[in-house]
Amino acid sequence: MFPTTLLFILFCLNLFSCDIEADEESFYSLLGVEQDADLLTIRKAFKSLALEKHPDKNPDDPNAHSIFVRINRAYEVLKDAELRRKYDQFGEKGLEDGGGGEQHYQSWQFYNDNFGIYDDDPEIITLGRGDFEEEVFQSGEIWFVNFYSAFCSHCHHLAPIWRELAKRVPEGVARIGAVNCAEDPGLCRSQNVMGYPSLIVYPQQEWFQDERTLNNLLDFLLSQLSAPILQPTVELPIQRPLLLELCLRENECISEEDRKKIAAISNQLLMPFAVLDCSESAKEICKTIGAEEGMFLLSGGEDEKPKELYFADLTDLRNQLLSELPELEEFTYSELQQKINLNKLEEEEKILLIFLNSKEEFQKEWKQIGQHLCNTLNLGKLPKVAIFRIEGGYDLNYGNTNLNIREITKFVRHSLYSNLIVLDYDKYWNARQSANSSHLWIIDHFAPWCPPCLQMLDELRKLPSELTDGRKLRVGTLDCDAYRDICTGERINSYPRTILYMGDDSQQQKQQQQHSLIGFHTVDQLLEFISEALNPTVQVLNPDNFDDIVYGGGQSFFVDFFAPWCGPCQKLAPEFRQLARQWASTHNEDPNQLVFASVDCEQYSNLCNRENVNSFPSLRFYRKLQGGKIDVNNYPSNWWRNVQTMSHWLTEMMPSLVQKIAGDFANTVLDSSEPWLIDFYAPWCSHCIQFAPTFERLAQLLNGQVRLGKIDCERFSWICENAQINYFPQILLYFGAKNYKRQETRGMEISTDGTTNAEIIAKTVREYLEKYGHGGGGGGGYERVENERDEL
């Protein structure tokens, strides 16, 4: 699967581990699971507690309901990948914006009979939103997935057949999966699943449509397997190893079903599978082999004698084939020490190294040698997997220590083409000192026991080695458990803490810049963070420049007062940066009219105290008035802190060319000889909020050509009814009264077709003004429906 990777093995003795004392009230301790528990472990733990603690089973306990509500809440959060990440990073406060607060639950009978119907079947893998994409689409394996609901009777009737199917499909042929759509409806909708059970083969996404019998299901799955079965007649394929079935009498040979399974197994192990007809077409080849029946393995050169394989079932055959693969090379202490110290590998291949916790007595002396090296590498819990890179350095898998081939493959898939490396003391300081304007370093400070940290590592591995502007980007990680002195000295007390190091070579004396980020972020957010650092849209304020810039300048400021350790501040940061970029792009006629800025209140506490900032985050609008006065307004603490809501609030606060129209609509607009463009909106309409900045931009583009106004249809519903408004937002153009005759209430609709591009809409308005001219009457017009709107 990864032909450019060499695989080696080293044994180390696991003498220590990094653990934290769990809060007895945490969701993990409530369910009795570890922080790195997988979804199956969490479900099993919850079911066990549900059967024991359910109020139906404890009718005499007055606290049974509240206790089980708490248990159910823990499960609802930890089963959901996104809610779990928020909880891991921010605790229960991170869930206050909705989600994970379930107060209802099912009956005891439901948990006993219907909950987790495949949890006790090791052959069936229950998938969720957090792992579906990677397991099904990125693993390179065939999956047959059963989308079911615990409330579906047909699903329960299918369950024993699905279990039997899983037993008939051995490891290496295909994966048999299940998704509970009652618990993960979003995942099922994303796969276009509308009814249950729905049975789909991936990655082809072929739907099973026949009667749900075992034979039909098995035949359908086997028909989707693409591994070839060779049938040589003249000579054997030259590729080795090569698996051969010799067949003399077809009715005594392996069935077609099993041949397809064997082909899939051997194909996964990168060995072709061939069937020789020793009675007819391949008789001469069989004579060369010296047999007419049986299963044989050719693993060496052409002159090597085939090895006959005897197996009880296909699982046994696969295990024998695995045992025949070349043994892993063992690294010695000196060899590995040399690789660690090299800046660049001499080999052309990357090296995959597995560190094991060996306990064999005969390796006692060797383990002592290896232990010194393992301590040097700060491996922590074993086993561990490492990839040594061609360009120097290595990456470690800090995830689940219950390693199997799937976990190792997943790590290799994430790490193989990444440039992330693990930093030790010397490499850390060298990286920081070498960072400049053309070679950037982004270093993640983390702890191996921190779940958001481990999730963040996979996002960091996705970062490119070169940015779109040609700058080089290196990625490093520092284990703050192993190098606590560095992290303490750098005042890093929350994880993950990601810092971008870059230089400013434009100065006569080189200056190094640091930009910090706290908490989990996706690769897109990381790239946005880097872009913001290189081309900032949010100005950093401090006590030296705050008064001169905010109070002494000529612009208005929207300021984010934050603390790096504050969870809601971390959630706000990417939204705030996105708002700044969006505002600059939609107000490019006067981009300096409003400046976005931030203040680190942990670093500049005196400044924040002086500004009466006593909670984080605090968003404050410093509006510049005529005469140099400043009007200070706080962003409402009970409003959402997302781009759309903050943009709407700012739009309302900023000086505007858009006039608010009240009950005098007829006199102001219909009787006016000037053209008007009116935005009919509702305060609760999300599309109206998104469109508001576009309408403000329209006012700038059309200034002097047409007047712009907006009407709140919730307050002035009769006006909107007379104008025949049936969705929001709706834009009507009034050309102006002619000969003092009042215009019709229904103007001409200007369709936006879902666009927020003000230039396009302005062009349409100008075309209609030119076509109809002032005093066109506004009657008639045309009706078109926007792509995105809120119906009344």
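The count begins at 1 with the first shown residue.
Just so you know, glycine gets a Cβ as well, placed from its N, Cα and C.
Annotated features, as they stand in TrEMBL:
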- 1-22: signal peptide (SIGNAL)
- 26-91: domain 'J' (DOMAIN)
- 115-226: domain 'Thioredoxin' (DOMAIN)
- 520-655: domain 'Thioredoxin' (DOMAIN)
- 656-770: domain 'Thioredoxin' (DOMAIN)
Query raised in the report: Is the number of Cβ-Cβ pairs under 8 Å between the domain 'Thioredoxin' (115-226) and the domain 'Thioredoxin' (656-770) three or more, considering only pairs separated by 6 or more positions?
Result: no
Report task. Pull the DSSP breakdown for the domain 'Thioredoxin' (115-226) and write it out as helix, strand, coil residue counts. Result -> 38 helix, 22 strand, 52 coil
Query - Tally of residues which DSSP labels helix, strand or coil - the domain 'Thioredoxin' (656-770) - result: 41 helix, 26 strand, 48 coil
